[in-house]
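In Swiss-Prot this protein carries:
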COMPBIAS  150-167  compositional bias 'Basic and acidic residues'
DISULFID  28-51  disulfide bond
DISULFID  32-53  disulfide bond
DISULFID  37-54  disulfide bond
DISULFID  43-57  disulfide bond
DISULFID  65-83  disulfide bond
DISULFID  77-99  disulfide bond
DOMAIN    24-102  domain 'IGFBP N-terminal'
CARBOHYD  157  O-linked glycosylation site
REGION    145-184  region 'Disordered'
SIGNAL    1-21  signal peptide
């Protein structure tokens, strides 16, 4: 009797360990058979099902996603997206949410990878560093603020002294009709 209790005590943790490594998937086959998988050619993007056997259609941005489902299309978020779960459950008692973009600085499946780019911005799917040449070009071509020459008549934003001087001298004539400027 003691040996049966000892054997049970040793085998139960082993069985639970295998269940935890399957990511809570249900009805997974013992061995993956790709011929049993449905075609995913019509999908925009695919992900592995919870069993890790078949490619299934992935949910896109703004689409509904579920926490634990195996072999079902459109219920896991695709790469570069993460499921943001609601506090309530659906009619069947399953947790669900909406697929949203990975936060900046993360990428990949469920946004688990960290971006190692100098700018801190990378492609949310692949992790490839993103460059923004239009910002670099504009910064290289813009004149230095310190090299601009200023005259006594230049006024800063909100400084109306130069305008008051012109009005006081009588140099500024105002038209009696409102003038409309054409947009650029």
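Placement of Cβ uses the backbone N, Cα and C atoms for every residue, glycine included.
Here the features listed in Swiss-Prot are painted onto the structure.
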residue: 28; record: disulfide bond; CB count, 10 Å: 17
residue: 32; record: disulfide bond; CB count, 10 Å: 13
residue: 37; record: disulfide bond; CB count, 10 Å: 14
residue: 51; record: disulfide bond; CB count, 10 Å: 16
residue: 53; record: disulfide bond; CB count, 10 Å: 19
residue: 54; record: disulfide bond; CB count, 10 Å: 19
residue: 57; record: disulfide bond; CB count, 10 Å: 19
residue: 77; record: disulfide bond; CB count, 10 Å: 29
residue: 83; record: disulfide bond; CB count, 10 Å: 21
residue: 99; record: disulfide bond; CB count, 10 Å: 21
**Prompt:** With DSSP helix as H/G/I and strand as E/B, how many residues of the domain 'IGFBP N-terminal' (24-102) fall in helix, strand and coil?
**Reply:** 3 helix, 27 strand, 49 coil
**Message:** Tell me which of the disulfide-bonded residues 37, 43, 53, 57, 83 ends up closest to residue 28 (disulfide bond) in space, Cα to Cα.
**Reply:** 53
**Complete:** Least Cβ-packed of the disulfide-bonded residues 43, 65 (other Cβ atoms within 10 Å) is 43
**Request:** In whole Å, note down how far the CA of residue 51 (disulfide bond) lies from the CA of residue 57 (disulfide bond).
**Result:** 14
**Item:** Cα distance (Å, whole number) from residue 51 (disulfide bond) to residue 37 (disulfide bond)
**Value:** 12
**Item:** C-alpha spacing of residue 54 (disulfide bond) relative to residue 32 (disulfide bond), in angstrom
**Value:** 8
